[in-house]
C-alpha cells in the first residue's frame, strides 16, 4: 500500500514538472528532427550491469579490517597496519611532503599501475580516483616521465607511505585483497598526506582507547601523532578511521566514541564529506564541491530560497550506498537565457564531467523531470554568471534498484533479467519524456507477472496523464493488444514484486507520436 501511494505522489510531481515552463537543452538536442539521431543521443540507458564499485571484498568487514586481513602473513613492513615505514616523517605537518600544485590550481599526482590487475580492477581503481577529480583539485594522472610518482603494485597486502616521498613511491594494493573502493581511496589518502583519523593529536576528545583490550604488540598502532588537523572537526565517518574492535585481544571494543558510544565508525563505502574537506583545505583547493553520500537526502543551491550568488561554479556528487540514483527537483528558478548560456544546471550519469550527460543545460522556472542514473553515482553542476540571479533550486535524491530515464525514440526496455525471471522485492521505475508537442506511445509486447487478487503481489503501473492518473495495476499473463498513449509528453512505468513467486516479467517498446 505504501509503495503504491508513494508511486502515485511521485507521478503527480513528474506530471506537474513537465507541464511547467523550463528551458532544458538535452544532449539529444536534435530529438525533434531525426529519430535516428534520437536513438544515438539517448541520455540515459536503462542498463543492469555489474557495477565494479558495488562489489566489496569481505563485505562484512570495514576498510581497516580488510586491510589487516590482506596484510596477514606478508613481509610488508608497516606501522598502524598499512602505513609503509619510513623514518622521521610527519608529512601532513611538512609542506615538503605535499604534492606540488600547478599554475592552474590543479594538484597532479602521477601513478603507474602494474600489470597484475584485471579489467574490472582497473575500472574500480578509475572509479575510486574519479571522486577526487570531481570534488577536489587533486588529479591522479597516468605516469609518463615524471620523477615523482606512485608506483602501485600487487605484491601482497595494502600499504602506502605518508605524503610525497619522492621517486617511484611504493603503494601496495593486492589484487586479491585490496581492490575495494574504500581501500583504494584510503591508501591514496595516505599518499596525499593523511594519517588514520584515530591517531589525530586531539583524538582523546572524541574517542576512548581501551588499551586493556588491545593486543600488546599492537598498542603502538594507537599512538597519537602531532598532526595538522586543519581546523576541521573529528570525523567518525572518515574512510581513514579504525573500527571499534581493531586489534582486540578479547573481542571487546578497543575504540569507543564519546560522548555517544553508538556512533558508527570504520565505514567502508569511500571518502566522507569531511575527508573531502580535509583534502581541499590541505591543498588549498579553490573548488565549490559537495558530497551527498547517504541513501536519500536533499540538495539545495547556495542561499536558497534567497538568490544564489553570481559567478558560481559548484558541483554535487550524489553517491548512494547502492542502486541507481534518482533526483527529483521540487523547486527550480535559474536565470533564463537563450540556450541557457548564462546560468544553468547540468547533470551527468556518473561521478565526473567525462560521463554521459543526462541534462545538458537547464534554466528557467519549471521543474526538471525525474532523473535516474545508471549507477549509484550522479554529478550535478551549477554555473552562474556575473549578472541576474534567481532563487535557485531544491531537490531530493534517493535510489531505486532498477529502471531508467529516456529522452529519445524508439526504445525497447525490459524488466530485470528478462526473459529470465525477475528477482524478489524488485522496485523499478522508468520515465519517458518526449519533446514538447509529442506524446509517448507504449506497446507492451510480452507480459507475465505473478497473479493475485487486485494484483497485490507483483504488479506494473503506468502513469500517463497530467493529473498523475494510474493505469493498472497489471499482473498475471496479459496480452496487450493495442498501444498505450500518454495524455502529455511524459509517462512513468513502475514495477514491484514481493518475496515469493517470480516470472519472466515484461518487454516494452515506445515511440514518440504527435
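Cβ coordinates are placed from backbone N, Cα and C, and glycine is handled just like the others.
The following features are taken from Swiss-Prot:
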- 1-19: signal peptide (SIGNAL)
- 90-286: domain 'Peptidase M12A' (DOMAIN)
- 112: N-linked glycosylation site (CARBOHYD)
- 137-285: disulfide bond (DISULFID)
- 158-178: disulfide bond (DISULFID)
- 186, 190, 196: Zn(2+) binding site (BINDING)
- 187: active site (ACT_SITE)
- 199: N-linked glycosylation site (CARBOHYD)
- 288-314: disulfide bond (DISULFID)
- 288-400: domain 'CUB 1' (DOMAIN)
- 340-363: disulfide bond (DISULFID)
- 402-428: disulfide bond (DISULFID)
- 402-513: domain 'CUB 2' (DOMAIN)
- 421: N-linked glycosylation site (CARBOHYD)
- 427: N-linked glycosylation site (CARBOHYD)
- 455-475: disulfide bond (DISULFID)
- 464: N-linked glycosylation site (CARBOHYD)
Residue 158 (disulfide bond): which of the recorded positions 186, 187, 190, 196 is the nearest Cα neighbour?
187
Least buried by Cβ count (within 10 Å) of the disulfide-bonded residues 178, 285, 288, 402:
288
By CA distance, which of the recorded positions (186, 187, 190, 196) lies nearest to residue 455 (disulfide bond)?
186
Quick check on the disulfide-bonded residues 137, 158, 314, 363, 475: which one has the highest count of other Cβ atoms within 10 Å of its Cβ?
158
How do the residues of the domain 'CUB 1' (288-400) split into helix, strand and coil according to DSSP?
3 helix, 58 strand, 52 coil
Per residue, counting other C-beta atoms within 10 angstroms of the C-beta, which of the binding-site residues 186, 190, 196 reaches the highest number?
186
Three-state secondary structure of residue 112 (N-linked glycosylation site) from DSSP?
strand
To the nearest whole angstrom, state the Cα distance for the pair residue 137 (disulfide bond) and residue 196 (Zn(2+) binding site).
22
